[in-house]
Amino acid sequence: MAAQKINEGLEHLAKAEKYLKTGFLKWKPDYDSAASEYGKAAVAFKNAKQFEQAKDACLREAVAHENNRALFHAAKAYEQAGMMLKEMQKLPEAVQLIEKASMMYLENGTPDTAAMALERAGKLIENVDPEKAVQLYQQTANVFENEERLRQAVELLGKASRLLVRGRRFDEAALSIQKEKNIYKEIENYPTCYKKTIAQVLVHLHRNDYVAAERCVRESYSIPGFNGSEDCAALEQLLEGYDQQDQDQVSEVCNSPLFKYMDNDYAKLGLSLVVPGGGIKKKSPATPQAKPDGAAGMAAEEEEDEYSGGLC
């Protein structure tokens with residue numbers, strides 16, 4: 001079966017080369033027919049799992065389409081070449097070709113297809129090169145935002161934010177989450193704004209920037225419904241505990257369902273949050289009662305010392 005498909009692919013390549021030849025009666029190459037044959041060759045090689053040959057056929061198809069000024073079809077062929085590289089586990093090279101395809105989609109006036117290609121590239125590279133994935137997700141978000149497709153844009157920004165948090169790139173994460181929050185506010189998804197405020201505060205506290213964390217909460221009071229919400233109350237309690245270096249109070253808030261059931265990356269931030277100086281334990285109820293006894297004992301000892309030599 002594989003050998004048959006390989007032979008089929010080679011036949012299509014030979015036909016494509018014929019279409020590209022010029023002669024006395026044929027002055028111009030037939031790029032359209034050549035591209036079609038290269039495409040068929042790529043499919044045959046792919047079915048035979050000969051991904052290197054399939055990739056080469058896709059690239060030749062792309063060039064033929066470019067020569068024919070068919071940018072959309074050229075972009076599709078470059079994207080397919082990228083997918084063949086993915087099958088060969090050559091992910092950085094795959095992403096490079098898919099990025100090229102997305103730029104051509106934009107030139108061709110098909111931004112939606114460009115955005116989908118960029119998102120696909122981000123998913124491919126996410127586990128290998130998170131930094132590149134962040135860049136791709138942000139590019140995708142920009143394309144969607146330019147098209148006023150804000151819900152899709154904010155979804156991609158969310159992916160970028162989580163990767164930044166995972167990589168402990170907190171300064172960039174704080175900016176990314178703020179951008180998410182602004183869009184959610186614009187589309188009037190206020191409950192999600194509350195969650196983004198929690199994420200912001202956790203990121204700022206991991207940056208050891210209490211002032212920025214407090215400012216986030218203060219600014220969120222203007223969001224309809226935030227003041228008086230459980231999110232607001234929890235954040236006020238968290239900031240109070242952090243400010244007073246009360247690790248118990250901070251841990252109690254961060255272990256609450258409100259924090260634990262956030263996106264995993266933010267839940268981990270909460271669970272790993274340590275107050276400055278390592279924190280102190282809350283005083284147990286018995287402690288205040290013990291103090292007077294201790295003070296009285298010390299006073300009694302001092303009195304004994306004063307008269308330890310006896311009376312004259």
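Backbone N, Cα and C atoms are what each Cβ position is placed from, and that goes for glycine too.
Keep in mind the model is a prediction, meaning the values are calculated, not measured.
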Looking at SER229, SER308, which one is marked phosphoserine in Swiss-Prot?
SER308
Selected residue, Swiss-Prot feature phosphoserine, from candidates SER256, SER284:
SER284
From the list THR110, THR287, pick out the residue that Swiss-Prot labels phosphothreonine.
THR287
